[in-house]
């Protein structure tokens with residue numbers, strides 16, 4: 001592994017100080033051992049106060065040895081001249097595709113090479129571009145630009161992602177530079193939207209003019225700026241070296257350049273990332289108490305604004321170690337929820353985030369990318385050791401976690417007051433795919449009223465800064481294009497998500513985005529068959545592979561592609577996105593979904609506690625009992641054929657209703673149970 005460690009002189013007083021490299025699982029060579037650092041391992045001119053900290057060195061810190069295996073992506077990065085070569089040369093060839101090293105490097109520029117998997121016998125290559133939009137903010141000018149580019153160079157649609165960004169599919173290689181440069185020149189960027197570095201930083205998309213929301217969004221912007229690559233490779237390739245960037249807040253520049261605790265590579269164009277960048281992708285979300293619209297616990301770092309009684313931001317609670325990706329039937333890979341690390345004052349957040357990133361940079365695995373996310377480092381080390389190492393780079397101890405209220409999922413759909421006299425309107429978009437009449441109408445509205453836009457982490461879109469007088473004409477125009485108010489959208493669709501999967505994702509095993517409309521209709525049909533009300537819902541998320549891009553492992557019902565037309569079923573997440581689902585069944589064919597879902601939903605309806613969600617029900621009952629329900633399922637009890645009136649007077653009804661509440665039943669259900677029991681006992685000659 002390419003590493004360079006730093007420590008303060010106080011730690012070097014121990015001549016046998018060890019800061020072990022994370023090796024984790026059995027796939028690492030058994031001969032690998034921790035790196036021992038002694039007082040003589042570094043050349044210190046003196047132990048004066050001004051030189052009391054060891055300066056960073058450029059990677060690699062020492063020659064690679066036989067025991068320090070690295071993945072081929074690490075080799076590509078090392079020889080790339082900071083993510084330039086051979087991508088710069090491959091883009092100049094006439095071939096429709098690029099070679100393997102360039103395919104890995106272009107991810108850092110915000111693009112993936114893809115091909116149409118619906119075709120047989122040949123491959124039609126194209127590129128997906130993903131934008132970088134901290135907090136999901138999209139200026140009016142950028143939205144209109146993306147809309148144009150989708151028609152001129154893409155497949156005619158835009159896609160809203162679960163990380164508050166756009167994806168533009170189907171761009172030919174020959175048009176990449178034109179598209180990239182156009183995005184850059186119109187207030188946009190794709191830099192770091194993919195690759196082994198910090199991805200788009202999430203924050204609640206709602207444009208509330210409230211101190212906590214504004215502070216969370218500003219913090220997300222600052223973290224994104226702090227962790228943006230500095231070596232210029234992006235601009236060199238796409239706009240011939242001309243940087244089109246706005247000035248950065250001074251606190252961001254100061255935090256990036258600060259090396260008082262040995263976090264930086266000195267004399268490097270990438271002071272935080274070095275030549276190797278991070279071992280794998282890195283995800284951060286910032287939010288305010290109660291608002292879990294960002295799926296906070298699925299991120300490598302989760303940051304929560306803490307305010308005083310007057311609503312004034314004071315600092316942040318920090319969570320670490322979340323992540324969704326895994327590999328089917330490889331138990332050493334797993335989804336994981338982030339856990340509390342500690343609290344920091346508001347002026348320290350950039351330094352704390354930087355210390356966490358550097359801890360992962362120095363200790364995350366670089367030999368096997370399946371285990372390279374920070375969640376595996378924390379799982380191996382334990383949170384106490386991880387906190388201790390982070391504190392060395394942070395230069396302080398973390399304070400105790402501040403108490404927080406319960407989390408809620410907030411969709412921010414519908415019409416709301418911003419707090420400054422203007423309105424915003426949150427619109428549901430199935431699977432985030434904007435096309436056809438919807439795309440045309442959205443553009444017309446956004447262009448006519450000069451609206452800015454925000455993308456939500458649930459693949460929806462928010463139109464902001466709307467005058468009250470515009471509400472009616474905008475509502476009418478949107479409704480005619482199928483962009484309805486949330487009360488007119490099926491509740492199942494409101495919380496459902498799916499990844500793109502087929503035909504363009506090279507990792508897809510089965511359908512997700514193309515399959516979810518039919519699956520949701522089938523679930524609704526099951527609801528109707530067994531008597532669940534229309535306003536009842538479950539959180540459904542579907543992915544075409546186990547990577548978890550639509551976060552299915554947080555769903556009440558997660559479907560994860562594990563074969564052709566086949567899904568692994570996960571149960572047990574909850575509506576507030578604070579509980580991890582578990583594997584329930586493998587390889588359920590899509591045609592057999594009702595055989596599984598019908599008995600589960602029926603018994604949920606019959607046996608749930610008051611207001612108990614489906615996810616909580618499946619957790620309480622347990623998977624063994626749930627599988628028994630499926631095995632013994634003969635269909636729902638047929639509804640009564642006769643509409644018999646059970647209650648002759650109001651008093652009797654109210655008395656039965658009170659008794660029914662004690663058993664979590666309706667008055668009608670209790671009355672029918674009593675009648676059935678009486679009839680059964682009489683027939684057996686046992687009536688009393």
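Note: Cβ is positioned from N, Cα and C throughout, glycine not excepted.
Marked as domain 'Nitrite/Sulfite reductase ferredoxin-like' by TrEMBL: 124-182 (among others). Predicted-model confidence for the domain 'Nitrite/Sulfite reductase ferredoxin-like' (124-182) is 98, expressed as mean pLDDT.
Marked as domain 'Nitrite/sulphite reductase 4Fe-4S' by TrEMBL: 222-398 (among others).
The domain 'Nitrite/Sulfite reductase ferredoxin-like' annotation in TrEMBL covers 416-478 (among others).
The domain 'Nitrite/sulphite reductase 4Fe-4S' annotation in TrEMBL covers 494-632 (among others).
Ranked by the number of CB pairs under 8 Å to the domain 'Nitrite/Sulfite reductase ferredoxin-like' (416-478), the listed stretches 124-182, 222-398, 494-632 are led by 124-182. Within the domain 'Nitrite/Sulfite reductase ferredoxin-like' (124-182), the DSSP-based counts of helix, strand and coil residues read 26 helix, 17 strand, 16 coil.
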